[in-house]
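**Q** There's a structure below that I have some questions on.
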Amino acid sequence: MAEAEYFIWIAPEGDFEEEFGNITRMLPTGEYFSPCKRVPMTNRQAVVVFYALVFLLSLLGNSLVMLVILYRRRTRSVTDVYVLNLAIADLLFSLTLPFLAVSKWKGWIFGTPLCKMVSLLKEVNFFSGILLLACISVDRYLAIVHATRTLTRKRYLVKFVCMGTWGLSLVLSLPFAIFRQAYKPYRSGTVCYEVLGEATADLRITLRGLSHIFGFLLPLFIMLVCYGLTLRTLFKAHMRQKRRAMWVIFAVVLVFLLCCLPYNLVLLSDTLLGAHLIQDTCERRNNIDQALYITEILGFSHSCLNPVIYAFVGQSFRHEFLKILANLVHKEVLTHHSASFRTSLTTIY
């Protein structure tokens, strides 16, 4: 194999996390590199604050979504099971944000085991998110276009579908965790990064390609086809009630695409660059790195947006949440009156 071409310049101050946080190609480890000066990423303080805000909103919002769905056990639908799994995925991802925020500020100080764990949770969240949305699109298509309660509508089978989705997400995410480790490049701070040699570079490109196909392009195609056919049926049959019920799902899918599609398109360009299918130049590399930096932040924000959609678009969610809140207040009032009554009896007798 021909030697890999490197257009990399290490900043003298050694701020690797800021300069190279989103590079996905193989890193050189020697002292001399091709002189390609990188444009530094700025506003790290703002990024850290943003991560902290997303973490808090995601933790609170997704916990409430899980509470509402678990509370309505008797009336829980198939779609609710998928939404519950979406909330779990976003909640797990939010747990990685404190580590990512610290790494933006101080570099990776948590060692290789946590580097692998955080990378795994981050990737599993993304893959499981889009795969679960694809499952929801198929479920809605079968329920509305074919107007049937097939075997896929049975709750026990849906649980197996969700388990399969998590399993596939784990398989697609494993390469990212396997290759990542706490790495200290020449004249730079430690970073959680994929350390690859020349022998594994082609394997990594292949794995990235498979991830793009099975973890993004194929589920996206399934969603577009299923929702296209579902929308056509809804408008032809004038199903107003079902059309209103679909707005929440459409909003969830739309927000997911707006947040995650830009990052994946840039990541696909980065993969093509690493595979030498498009010419690697300093200007192109810098443009892709900056685009990855920005679109990744946009993608992270998705983990806290679904609960907002359920709250403002989903009438059923608001009703159930207010019902839970009313029950809690009612129990608190009863407990207070009961305690007051016991105190009065004790005082009298």
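Cβ coordinates are placed from backbone N, Cα and C, and glycine is handled just like the others.
Below are the features listed in Swiss-Prot for this protein:
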{"type": "TOPO_DOM", "residues": "1-44", "note": "topological domain 'Extracellular'"}
{"type": "CARBOHYD", "residues": "Asn22", "note": "N-linked glycosylation site"}
{"type": "TRANSMEM", "residues": "45-71", "note": "transmembrane segment"}
{"type": "TOPO_DOM", "residues": "72-80", "note": "topological domain 'Cytoplasmic'"}
{"type": "TRANSMEM", "residues": "81-101", "note": "transmembrane segment"}
{"type": "TOPO_DOM", "residues": "102-116", "note": "topological domain 'Extracellular'"}
{"type": "DISULFID", "residues": "Cys115-Cys192", "note": "disulfide bond"}
{"type": "TRANSMEM", "residues": "117-138", "note": "transmembrane segment"}
{"type": "TOPO_DOM", "residues": "139-159", "note": "topological domain 'Cytoplasmic'"}
{"type": "TRANSMEM", "residues": "160-179", "note": "transmembrane segment"}
{"type": "TOPO_DOM", "residues": "180-204", "note": "topological domain 'Extracellular'"}
{"type": "TRANSMEM", "residues": "205-225", "note": "transmembrane segment"}
{"type": "TOPO_DOM", "residues": "226-247", "note": "topological domain 'Cytoplasmic'"}
{"type": "TRANSMEM", "residues": "248-269", "note": "transmembrane segment"}
{"type": "TOPO_DOM", "residues": "270-290", "note": "topological domain 'Extracellular'"}
{"type": "TRANSMEM", "residues": "291-313", "note": "transmembrane segment"}
{"type": "TOPO_DOM", "residues": "314-349", "note": "topological domain 'Cytoplasmic'"}
**Q** Would you mind listing the long-range same-chain contacts of the transmembrane segment (117-138), meaning Cβ under 8 Å and 6+ residues beyond its ends?
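**A** Same-chain contacts beyond the ends: 79, 82-83, 85-86, 89-90, 92-93, 95-96, 99-100, 110, 152, 161-162, 165-166, 168-170, 172-174, 176-177, 180, 192, 211, 215-216, 219-220, 222-223, 226-227, 230, 249, 252-253, 256, 260, 299, 302-303.
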**Q** With a cut-off of 8 Å between Cβ atoms, can you find at least three pairs linking the transmembrane segment (81-101) to the transmembrane segment (205-225)? Only pairs 6 or more residues apart in sequence count.
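**A** Result for the transmembrane segment (81-101) with the transmembrane segment (205-225) is no.
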**Q** Under 8 angstroms for C-beta pairs, at least 3 of them, ignoring pairs fewer than 6 apart in sequence. Is the transmembrane segment (45-71) in contact with the transmembrane segment (205-225) by that rule?
**A** no
**Q** For the topological domain 'Cytoplasmic' (314-349), what's the mean pLDDT in this predicted model?
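**A** In the predicted model, the topological domain 'Cytoplasmic' (314-349) has a mean pLDDT of 57.
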**Q** Sequence gap of 6 or more, C-beta under 8 Å: which same-chain residues meet both conditions with respect to Cys192 (disulfide bond)?
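**A** Result: Ser103, Trp108, Phe110, Cys115, Val118, Ser119, Arg180, Gln181, Ala182, Tyr183.
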**Q** In the topological domain 'Cytoplasmic' (72-80), how many residues does DSSP put in helix, strand and coil?
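**A** The counts are 3 helix, 0 strand, 6 coil.
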**Q** Taking the Cβ of Cys115 (disulfide bond) as the centre, how many other Cβ atoms fall within a 10 Å radius?
**A** 22
